[in-house]
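Written out below as C-alpha coordinates is the structure these notes cover.
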Amino acid sequence: KASVGFKAGVKDYRLTYYTPDYETKDTDILAAFRVTPQPGVPAEEAGAAVAAESSTGTWTTVWTDGLTSLDRYKGRCYHIEAVVGEENQYICYVAYPLDLFEEGSVTNMFTSIVGNVFGFKALRALRLEDLRIPPAYSKTFQGPPHGIQVERDKLNKYGRPLLGCTIKPKLGLSAKNYGRAVYECLRGGLDFTKDDENVNSQPFMRWRDRFVFCAEAIYKAQAETGEIKGHYLNATAGTCEEMMKRVTFARELGAPIVMHDYLTGGFTANTTLAHYCRDNGLLLHIHRAMHAVIDRQKNHGMHFRVLAKALRMSGGDHIHAGTVVGKLEGEREMTLGFVDLLRDDFIEKDRRRGIFFTQDWVSMPGVIPVASGGIHVWHMPALTEIFGDDSVLQFGGGTIGHPWGNAPGAVANRVALEACVQARNEGRDLAREGNEIIREAAKWSPELA
(Lines of atoms letter the chains of each structure in order from A and count residues from 1; the text may use other names and numbers.)
(Lines give C-alpha, C1' and ligand atoms only; values in the text may rest on other atoms or scores of the structure.)
Protein backbone atom coordinates (compact mmCIF):
# COMPACT_ATOMS: atom_id res chain seq x y z
CA LYS A 1 0.00 0.00 0.00
CA ALA A 2 1.11 3.57 -0.72
CA SER A 3 2.37 5.43 2.33
CA VAL A 4 4.47 8.27 1.00
CA GLY A 5 2.87 11.00 3.10
CA PHE A 6 -0.17 11.11 0.79
CA LYS A 7 -3.60 10.81 2.42
CA ALA A 8 -6.57 10.45 0.10
CA GLY A 9 -9.93 11.89 1.09
CA VAL A 10 -11.89 15.11 1.40
CA LYS A 11 -10.65 17.81 3.75
CA ASP A 12 -11.84 21.31 4.54
CA TYR A 13 -10.70 23.96 2.07
CA ARG A 14 -9.92 26.36 4.90
CA LEU A 15 -7.08 24.18 6.13
CA THR A 16 -5.14 24.93 2.95
CA TYR A 17 -6.66 28.01 1.32
CA TYR A 18 -7.64 30.33 4.20
CA THR A 19 -4.46 32.20 5.20
CA PRO A 20 -5.31 35.33 7.22
CA ASP A 21 -1.64 36.06 7.89
CA TYR A 22 -0.67 36.16 4.19
CA GLU A 23 1.05 39.37 3.04
CA THR A 24 -0.06 40.18 -0.51
CA LYS A 25 2.67 40.67 -3.13
CA ASP A 26 2.87 43.53 -5.61
CA THR A 27 2.55 40.99 -8.42
CA ASP A 28 -0.58 39.22 -7.08
CA ILE A 29 -3.91 39.66 -8.80
CA LEU A 30 -6.32 40.53 -5.98
CA ALA A 31 -10.06 39.86 -6.11
CA ALA A 32 -12.90 41.00 -3.85
CA PHE A 33 -15.81 38.54 -3.88
CA ARG A 34 -19.19 39.10 -2.25
CA VAL A 35 -19.96 35.65 -0.87
CA THR A 36 -23.33 34.39 0.39
CA PRO A 37 -22.66 30.94 1.90
CA GLN A 38 -25.34 28.25 2.21
CA PRO A 39 -26.80 28.01 5.74
CA GLY A 40 -24.36 26.22 8.04
CA VAL A 41 -21.27 26.91 5.91
CA PRO A 42 -18.77 29.13 7.80
CA ALA A 43 -17.51 32.25 6.00
CA GLU A 44 -13.89 31.04 6.19
CA GLU A 45 -14.78 27.76 4.46
CA ALA A 46 -16.79 29.59 1.77
CA GLY A 47 -13.97 32.09 1.11
CA ALA A 48 -11.37 29.33 1.02
CA ALA A 49 -13.57 27.31 -1.35
CA VAL A 50 -13.68 30.27 -3.76
CA ALA A 51 -9.88 30.64 -3.61
CA ALA A 52 -9.38 26.91 -4.15
CA GLU A 53 -11.86 26.37 -6.98
CA SER A 54 -10.64 29.42 -8.90
CA SER A 55 -6.98 28.36 -8.63
CA THR A 56 -5.39 24.95 -7.91
CA GLY A 57 -7.97 23.13 -5.79
CA THR A 58 -10.38 20.31 -6.50
CA TRP A 59 -12.93 18.57 -4.27
CA THR A 60 -10.53 15.95 -2.92
CA THR A 61 -6.83 15.51 -2.19
CA VAL A 62 -5.00 14.14 -5.24
CA TRP A 63 -1.59 12.46 -5.31
CA THR A 64 -0.34 14.72 -8.13
CA ASP A 65 -0.41 17.62 -5.65
CA GLY A 66 2.94 16.22 -4.57
CA LEU A 67 4.43 16.91 -8.00
CA THR A 68 4.06 20.68 -7.74
CA SER A 69 4.48 23.45 -5.18
CA LEU A 70 1.00 24.31 -3.97
CA ASP A 71 2.40 27.15 -1.90
CA ARG A 72 3.67 28.77 -5.05
CA TYR A 73 0.52 28.36 -7.16
CA LYS A 74 -2.52 28.33 -4.91
CA GLY A 75 -5.01 31.18 -4.54
CA ARG A 76 -5.37 32.35 -0.95
CA CYS A 77 -8.33 33.86 0.87
CA TYR A 78 -6.45 36.33 3.05
CA HIS A 79 -9.17 38.54 4.55
CA ILE A 80 -12.92 38.34 5.22
CA GLU A 81 -15.28 41.08 6.34
CA ALA A 82 -19.03 41.00 6.92
CA VAL A 83 -21.12 43.20 4.61
CA VAL A 84 -22.75 45.94 6.69
CA GLY A 85 -26.55 45.81 6.60
CA GLU A 86 -26.74 42.40 4.90
CA GLU A 87 -27.36 39.12 6.63
CA ASN A 88 -24.93 36.29 5.89
CA GLN A 89 -22.96 38.18 3.23
CA TYR A 90 -19.19 38.57 3.33
CA ILE A 91 -16.52 40.26 1.26
CA CYS A 92 -13.77 37.67 0.80
CA TYR A 93 -10.43 38.90 -0.51
CA VAL A 94 -8.47 36.41 -2.59
CA ALA A 95 -4.87 36.73 -3.84
CA TYR A 96 -3.77 34.84 -6.97
CA PRO A 97 -0.11 34.32 -7.90
CA LEU A 98 0.70 35.86 -11.27
CA ASP A 99 1.96 32.57 -12.74
CA LEU A 100 -1.61 31.21 -12.81
CA PHE A 101 -2.46 33.45 -15.77
CA GLU A 102 -1.46 33.59 -19.42
CA GLU A 103 0.06 36.93 -20.41
CA GLY A 104 -2.11 39.27 -22.47
CA SER A 105 -5.26 37.12 -22.23
CA VAL A 106 -8.39 38.53 -20.58
CA THR A 107 -10.06 35.30 -21.68
CA ASN A 108 -7.71 33.20 -19.57
CA MET A 109 -7.93 35.58 -16.60
CA PHE A 110 -11.71 35.28 -16.47
CA THR A 111 -11.70 31.55 -17.13
CA SER A 112 -9.54 31.14 -14.04
CA ILE A 113 -11.14 33.63 -11.68
CA VAL A 114 -14.84 33.28 -12.53
CA GLY A 115 -14.90 30.26 -14.83
CA ASN A 116 -15.98 27.45 -12.53
CA VAL A 117 -16.57 28.69 -9.04
CA PHE A 118 -19.97 30.36 -9.52
CA GLY A 119 -21.86 27.06 -9.62
CA PHE A 120 -20.31 25.91 -6.37
CA LYS A 121 -22.66 24.04 -4.04
CA ALA A 122 -21.43 25.54 -0.76
CA LEU A 123 -22.37 29.03 -1.99
CA ARG A 124 -25.86 30.41 -2.32
CA ALA A 125 -24.59 33.37 -4.37
CA LEU A 126 -21.27 34.86 -5.44
CA ARG A 127 -20.35 38.19 -6.98
CA LEU A 128 -16.97 39.46 -8.14
CA GLU A 129 -16.93 43.08 -6.95
CA ASP A 130 -13.46 44.23 -7.99
CA LEU A 131 -10.04 43.12 -9.25
CA ARG A 132 -6.60 44.64 -8.64
CA ILE A 133 -4.55 44.14 -11.80
CA PRO A 134 -0.84 44.51 -10.94
CA PRO A 135 1.40 46.44 -13.37
CA ALA A 136 3.35 43.21 -13.94
CA TYR A 137 0.20 41.78 -15.58
CA SER A 138 -1.35 44.88 -17.16
CA LYS A 139 1.94 45.54 -18.96
CA THR A 140 1.42 42.31 -20.95
CA PHE A 141 -1.63 43.90 -22.65
CA GLN A 142 -1.70 46.42 -25.48
CA GLY A 143 -4.76 48.12 -23.97
CA PRO A 144 -6.90 50.65 -25.90
CA PRO A 145 -5.89 51.04 -29.57
CA HIS A 146 -5.36 54.81 -29.18
CA GLY A 147 -6.72 56.32 -25.98
CA ILE A 148 -8.25 59.67 -25.11
CA GLN A 149 -5.50 62.09 -26.14
CA VAL A 150 -4.75 60.46 -29.50
CA GLU A 151 -8.47 60.41 -30.31
CA ARG A 152 -8.78 64.14 -29.62
CA ASP A 153 -5.77 64.78 -31.85
CA LYS A 154 -7.23 62.64 -34.65
CA LEU A 155 -10.58 64.46 -34.44
CA ASN A 156 -9.06 67.89 -33.71
CA LYS A 157 -11.71 68.47 -31.02
CA TYR A 158 -10.78 69.78 -27.57
CA GLY A 159 -12.29 71.28 -24.44
CA ARG A 160 -15.74 69.72 -24.60
CA PRO A 161 -17.49 66.35 -24.49
CA LEU A 162 -18.12 64.72 -27.87
CA LEU A 163 -21.68 64.25 -29.13
CA GLY A 164 -23.08 61.03 -30.55
CA CYS A 165 -26.39 59.63 -31.68
CA THR A 166 -27.70 56.12 -32.25
CA ILE A 167 -29.65 55.88 -35.50
CA LYS A 168 -33.29 54.91 -34.86
CA PRO A 169 -35.33 52.87 -35.66
CA LYS A 170 -32.39 50.59 -35.07
CA LEU A 171 -33.73 47.79 -37.27
CA GLY A 172 -35.74 47.97 -40.48
CA LEU A 173 -34.27 50.91 -42.42
CA SER A 174 -32.75 50.32 -45.84
CA ALA A 175 -29.05 51.13 -46.20
CA LYS A 176 -29.74 54.29 -48.20
CA ASN A 177 -32.28 55.68 -45.73
CA TYR A 178 -29.93 54.75 -42.90
CA GLY A 179 -27.11 56.70 -44.56
CA ARG A 180 -29.44 59.66 -45.00
CA ALA A 181 -30.21 59.71 -41.25
CA VAL A 182 -26.46 59.55 -40.53
CA TYR A 183 -25.80 62.51 -42.82
CA GLU A 184 -28.57 64.64 -41.30
CA CYS A 185 -27.32 64.09 -37.74
CA LEU A 186 -23.67 64.77 -38.58
CA ARG A 187 -24.58 67.79 -40.69
CA GLY A 188 -26.61 69.19 -37.79
CA GLY A 189 -23.59 69.29 -35.50
CA LEU A 190 -22.94 65.87 -33.96
CA ASP A 191 -19.43 64.38 -33.93
CA PHE A 192 -20.50 60.75 -34.26
CA THR A 193 -23.44 58.61 -35.21
CA LYS A 194 -23.74 54.97 -34.24
CA ASP A 195 -24.95 51.59 -35.40
CA ASP A 196 -27.07 50.03 -32.70
CA GLU A 197 -25.57 46.97 -31.04
CA ASN A 198 -27.84 44.55 -32.92
CA VAL A 199 -27.26 46.06 -36.36
CA ASN A 200 -24.92 43.50 -37.97
CA SER A 201 -25.88 42.23 -41.42
CA GLN A 202 -29.60 41.48 -41.64
CA PRO A 203 -31.71 40.76 -44.73
CA PHE A 204 -33.10 44.33 -44.90
CA MET A 205 -29.63 45.92 -44.71
CA ARG A 206 -26.44 44.01 -45.46
CA TRP A 207 -23.27 45.27 -43.83
CA ARG A 208 -21.43 46.24 -47.02
CA ASP A 209 -24.30 48.43 -48.27
CA ARG A 210 -24.56 50.13 -44.88
CA PHE A 211 -20.81 50.78 -44.74
CA VAL A 212 -20.81 52.37 -48.21
CA PHE A 213 -23.80 54.66 -47.59
CA CYS A 214 -22.50 55.68 -44.15
CA ALA A 215 -19.07 56.51 -45.59
CA GLU A 216 -20.76 58.71 -48.20
CA ALA A 217 -22.72 60.45 -45.42
CA ILE A 218 -19.55 61.06 -43.38
CA TYR A 219 -17.65 62.60 -46.31
CA LYS A 220 -20.59 64.81 -47.32
CA ALA A 221 -21.09 66.08 -43.75
CA GLN A 222 -17.35 66.70 -43.33
CA ALA A 223 -17.19 68.69 -46.55
CA GLU A 224 -20.12 70.87 -45.50
CA THR A 225 -19.18 71.49 -41.86
CA GLY A 226 -15.38 71.53 -42.00
CA GLU A 227 -15.31 69.21 -38.96
CA ILE A 228 -14.08 65.64 -38.74
CA LYS A 229 -17.02 63.24 -38.40
CA GLY A 230 -17.40 59.54 -37.69
CA HIS A 231 -19.95 56.74 -37.67
CA TYR A 232 -19.43 53.68 -35.46
CA LEU A 233 -19.61 50.90 -38.04
CA ASN A 234 -20.56 47.76 -36.14
CA ALA A 235 -18.19 45.03 -37.29
CA THR A 236 -19.45 42.37 -34.86
CA ALA A 237 -20.08 39.15 -36.78
CA GLY A 238 -20.65 35.42 -36.38
CA THR A 239 -16.97 34.52 -36.87
CA CYS A 240 -13.71 36.37 -36.23
CA GLU A 241 -12.78 36.01 -39.91
CA GLU A 242 -16.00 37.73 -40.98
CA MET A 243 -15.46 40.46 -38.38
CA MET A 244 -11.95 41.15 -39.71
CA LYS A 245 -13.28 41.22 -43.28
CA ARG A 246 -15.75 43.95 -42.29
CA VAL A 247 -13.16 45.99 -40.40
CA THR A 248 -10.75 45.79 -43.33
CA PHE A 249 -13.48 47.10 -45.65
CA ALA A 250 -14.24 49.94 -43.21
CA ARG A 251 -10.56 50.88 -43.23
CA GLU A 252 -10.49 50.84 -47.05
CA LEU A 253 -13.46 53.24 -47.09
CA GLY A 254 -11.45 55.60 -44.87
CA ALA A 255 -13.78 55.25 -41.89
CA PRO A 256 -12.24 56.73 -38.72
CA ILE A 257 -13.94 54.41 -36.22
CA VAL A 258 -15.48 50.92 -35.97
CA MET A 259 -17.53 49.26 -33.27
CA HIS A 260 -17.69 45.93 -31.45
CA ASP A 261 -20.08 44.27 -28.98
CA TYR A 262 -17.38 42.98 -26.66
CA LEU A 263 -19.39 40.71 -24.37
CA THR A 264 -21.47 38.94 -27.02
CA GLY A 265 -18.50 38.96 -29.43
CA GLY A 266 -16.11 37.67 -26.77
CA PHE A 267 -12.81 38.89 -25.33
CA THR A 268 -10.64 36.92 -27.76
CA ALA A 269 -12.35 38.57 -30.74
CA ASN A 270 -12.19 41.95 -29.03
CA THR A 271 -8.46 41.79 -28.31
CA THR A 272 -7.79 40.67 -31.90
CA LEU A 273 -9.80 43.63 -33.18
CA ALA A 274 -8.08 46.11 -30.83
CA HIS A 275 -4.64 45.06 -32.12
CA TYR A 276 -5.82 45.50 -35.72
CA CYS A 277 -7.26 48.94 -34.90
CA ARG A 278 -4.00 50.21 -33.43
CA ASP A 279 -1.99 48.86 -36.38
CA ASN A 280 -4.36 50.49 -38.88
CA GLY A 281 -5.26 53.79 -37.22
CA LEU A 282 -8.91 52.97 -36.51
CA LEU A 283 -10.65 54.09 -33.33
CA LEU A 284 -12.66 51.36 -31.58
CA HIS A 285 -16.07 51.97 -30.00
CA ILE A 286 -17.22 49.28 -27.57
CA HIS A 287 -20.83 48.45 -26.77
CA ARG A 288 -21.56 46.46 -23.61
CA ALA A 289 -24.62 44.53 -24.85
CA MET A 290 -25.40 41.67 -22.41
CA HIS A 291 -23.69 43.35 -19.44
CA ALA A 292 -26.85 43.41 -17.30
CA VAL A 293 -27.11 39.61 -17.55
CA ILE A 294 -23.81 39.57 -15.66
CA ASP A 295 -23.90 42.67 -13.46
CA ARG A 296 -27.54 43.47 -12.62
CA GLN A 297 -27.94 41.25 -9.54
CA LYS A 298 -26.49 42.84 -6.42
CA ASN A 299 -25.38 39.55 -4.85
CA HIS A 300 -24.47 37.35 -7.83
CA GLY A 301 -22.46 37.76 -11.02
CA MET A 302 -19.84 40.42 -11.61
CA HIS A 303 -19.84 44.18 -11.09
CA PHE A 304 -19.50 46.29 -14.22
CA ARG A 305 -16.29 47.88 -12.88
CA VAL A 306 -14.60 44.48 -13.40
CA LEU A 307 -15.91 44.28 -16.98
CA ALA A 308 -14.70 47.86 -17.51
CA LYS A 309 -11.18 47.05 -16.26
CA ALA A 310 -11.12 43.96 -18.47
CA LEU A 311 -12.13 46.06 -21.47
CA ARG A 312 -9.35 48.58 -20.83
CA MET A 313 -6.88 45.68 -20.93
CA SER A 314 -8.48 43.94 -23.91
CA GLY A 315 -8.75 47.22 -25.82
CA GLY A 316 -11.35 49.83 -26.73
CA ASP A 317 -11.38 53.62 -27.11
CA HIS A 318 -15.00 54.20 -26.03
CA ILE A 319 -17.27 52.14 -23.81
CA HIS A 320 -20.85 52.65 -22.68
CA ALA A 321 -20.90 53.43 -18.98
CA GLY A 322 -24.48 54.22 -17.96
CA THR A 323 -25.73 57.76 -17.41
CA VAL A 324 -26.70 58.47 -13.78
CA VAL A 325 -29.66 60.23 -15.46
CA GLY A 326 -31.93 58.80 -18.17
CA LYS A 327 -33.63 55.43 -18.66
CA LEU A 328 -30.92 52.91 -17.72
CA GLU A 329 -29.89 52.14 -14.16
CA GLY A 330 -26.74 53.68 -12.67
CA GLU A 331 -25.91 54.95 -9.19
CA ARG A 332 -23.95 58.18 -9.25
CA GLU A 333 -21.00 57.40 -6.97
CA MET A 334 -20.55 53.86 -8.32
CA THR A 335 -20.74 55.07 -11.92
CA LEU A 336 -18.16 57.79 -11.26
CA GLY A 337 -15.98 55.14 -9.65
CA PHE A 338 -15.69 53.02 -12.77
CA VAL A 339 -15.58 56.09 -15.04
CA ASP A 340 -12.37 57.03 -13.19
CA LEU A 341 -11.10 53.45 -13.56
CA LEU A 342 -11.59 53.81 -17.32
CA ARG A 343 -10.01 57.24 -17.76
CA ASP A 344 -7.41 57.85 -15.07
CA ASP A 345 -3.89 56.52 -14.71
CA PHE A 346 -3.93 56.00 -10.94
CA ILE A 347 -7.06 55.40 -8.87
CA GLU A 348 -7.01 55.31 -5.06
CA LYS A 349 -9.01 52.75 -3.11
CA ASP A 350 -12.37 54.33 -2.19
CA ARG A 351 -15.03 52.01 -0.82
CA ARG A 352 -17.70 54.72 -0.99
CA ARG A 353 -17.41 54.57 -4.77
CA GLY A 354 -17.08 50.81 -4.85
CA ILE A 355 -13.32 50.82 -5.49
CA PHE A 356 -11.87 48.02 -3.35
CA PHE A 357 -8.24 48.30 -4.46
CA THR A 358 -5.82 51.02 -5.50
CA GLN A 359 -5.28 50.54 -9.24
CA ASP A 360 -2.17 51.74 -11.08
CA TRP A 361 -2.51 51.51 -14.87
CA VAL A 362 1.13 52.59 -15.45
CA SER A 363 0.39 54.84 -18.44
CA MET A 364 -1.97 52.47 -20.26
CA PRO A 365 -4.15 54.74 -22.47
CA GLY A 366 -7.58 55.65 -21.07
CA VAL A 367 -11.03 54.78 -22.41
CA ILE A 368 -13.68 57.46 -23.04
CA PRO A 369 -16.92 56.66 -21.18
CA VAL A 370 -20.08 56.95 -23.28
CA ALA A 371 -23.23 58.19 -21.55
CA SER A 372 -26.27 56.87 -23.38
CA GLY A 373 -29.78 55.64 -22.69
CA GLY A 374 -32.87 57.86 -22.50
CA ILE A 375 -31.05 61.19 -22.25
CA HIS A 376 -32.14 64.48 -23.88
CA VAL A 377 -31.14 68.18 -23.95
CA TRP A 378 -32.50 68.96 -20.48
CA HIS A 379 -30.02 66.44 -19.08
CA MET A 380 -27.11 68.26 -20.77
CA PRO A 381 -26.04 70.43 -17.78
CA ALA A 382 -26.01 67.41 -15.45
CA LEU A 383 -24.13 65.25 -17.97
CA THR A 384 -21.53 67.96 -18.64
CA GLU A 385 -20.96 68.38 -14.91
CA ILE A 386 -20.88 64.66 -14.04
CA PHE A 387 -18.82 63.29 -16.95
CA GLY A 388 -16.59 66.27 -17.74
CA ASP A 389 -14.86 66.84 -21.08
CA ASP A 390 -13.48 63.37 -21.74
CA SER A 391 -16.77 61.68 -22.55
CA VAL A 392 -19.19 60.99 -25.38
CA LEU A 393 -22.79 62.04 -24.74
CA GLN A 394 -24.96 59.85 -26.88
CA PHE A 395 -28.54 60.81 -27.65
CA GLY A 396 -30.68 58.42 -29.71
CA GLY A 397 -34.33 59.39 -29.42
CA GLY A 398 -33.02 62.63 -27.88
CA THR A 399 -31.84 63.65 -31.37
CA ILE A 400 -34.02 61.74 -33.80
CA GLY A 401 -37.16 62.32 -31.71
CA HIS A 402 -37.04 66.07 -32.48
CA PRO A 403 -40.41 67.22 -33.90
CA TRP A 404 -38.67 68.88 -36.87
CA GLY A 405 -36.45 65.93 -37.75
CA ASN A 406 -32.89 64.65 -37.33
CA ALA A 407 -30.78 67.67 -38.30
CA PRO A 408 -32.68 70.13 -36.06
CA GLY A 409 -32.43 67.53 -33.26
CA ALA A 410 -28.65 67.48 -33.74
CA VAL A 411 -28.53 71.30 -33.80
CA ALA A 412 -30.46 71.43 -30.51
CA ASN A 413 -28.01 69.02 -28.87
CA ARG A 414 -24.95 70.91 -30.10
CA VAL A 415 -26.32 74.31 -29.03
CA ALA A 416 -27.21 72.95 -25.59
CA LEU A 417 -23.74 71.42 -25.18
CA GLU A 418 -21.88 74.55 -26.29
CA ALA A 419 -24.04 76.65 -23.93
CA CYS A 420 -23.27 74.36 -20.98
CA VAL A 421 -19.53 74.28 -21.70
CA GLN A 422 -19.41 78.08 -22.04
CA ALA A 423 -21.41 78.56 -18.82
CA ARG A 424 -19.11 76.16 -16.97
CA ASN A 425 -16.01 77.94 -18.28
CA GLU A 426 -17.48 81.22 -17.03
CA GLY A 427 -17.74 79.70 -13.57
CA ARG A 428 -21.50 79.15 -13.40
CA ASP A 429 -22.97 76.27 -11.40
CA LEU A 430 -24.44 73.78 -13.88
CA ALA A 431 -26.23 71.76 -11.22
CA ARG A 432 -28.11 74.80 -9.93
CA GLU A 433 -28.54 76.94 -13.05
CA GLY A 434 -28.76 74.20 -15.68
CA ASN A 435 -32.36 74.78 -16.78
CA GLU A 436 -31.81 78.53 -16.92
CA ILE A 437 -28.71 78.07 -19.13
CA ILE A 438 -30.67 75.92 -21.60
CA ARG A 439 -33.57 78.42 -21.66
CA GLU A 440 -31.18 81.30 -22.41
CA ALA A 441 -29.60 79.33 -25.25
CA ALA A 442 -33.05 78.52 -26.65
CA LYS A 443 -33.65 82.24 -27.31
CA TRP A 444 -30.97 82.06 -30.01
CA SER A 445 -31.83 78.63 -31.36
CA PRO A 446 -35.34 77.84 -32.59
CA GLU A 447 -34.33 74.15 -32.83
CA LEU A 448 -33.61 74.04 -29.09
CA ALA A 449 -36.75 75.99 -28.19
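Each residue, glycine too, has its Cβ placed from N, Cα and C.
According to Swiss-Prot, the features are:
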type	residues	note
MOD_RES	LYS7	N6,N6,N6-trimethyllysine
BINDING	ASN116, THR166, LYS170, ARG288, HIS320, SER372	substrate binding site
ACT_SITE	LYS168	active site, proton acceptor
MOD_RES	LYS194	N6-carboxylysine
BINDING	LYS194, ASP196, GLU197	Mg(2+) binding site
ACT_SITE	HIS287	active site, proton acceptor
SITE	LYS327	site 'Transition state stabilizer'
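Structure coloured by features recorded in Swiss-Prot.
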residue	record	Cβ within 10 Å
ASN116	substrate binding site	11
THR166	substrate binding site	24
LYS168	active site, proton acceptor	16
LYS170	substrate binding site	15
LYS194	N6-carboxylysine	29
ASP196	Mg(2+) binding site	18
GLU197	Mg(2+) binding site	20
HIS287	active site, proton acceptor	28
HIS320	substrate binding site	22
SER372	substrate binding site	24
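Residues ASN116, THR166, LYS170, ARG288, HIS320, SER372, recorded as binding substrate, reach a greatest CA to CA spacing of 37 Å. Using Cα positions, the member of the recorded positions LYS168, LYS194, ASP196, GLU197, HIS287 nearest to ASN116 (substrate binding site) is identified as HIS287. Within the set of recorded positions LYS168, LYS170, LYS194, ASP196, HIS320, the entry lying nearest in space to HIS287 (active site, proton acceptor) is HIS320 (CA atoms). Sequence-distant neighbours of ARG288 (substrate binding site) (same chain, six or more apart, CB under 8 Å from its CB) are ASP261, TYR262, LEU263, PHE304, LEU307, LEU311, ILE319, HIS320, listed in sequence order.
Rounded to a whole number, the distance between the Cα atoms of LYS170 (substrate binding site) and GLU197 (Mg(2+) binding site) is 9 Å. Note on proximity: of the recorded positions THR166, LYS168, LYS170, SER372, the one nearest the residue listed as 'N6-carboxylysine' is THR166, by Cα distance.
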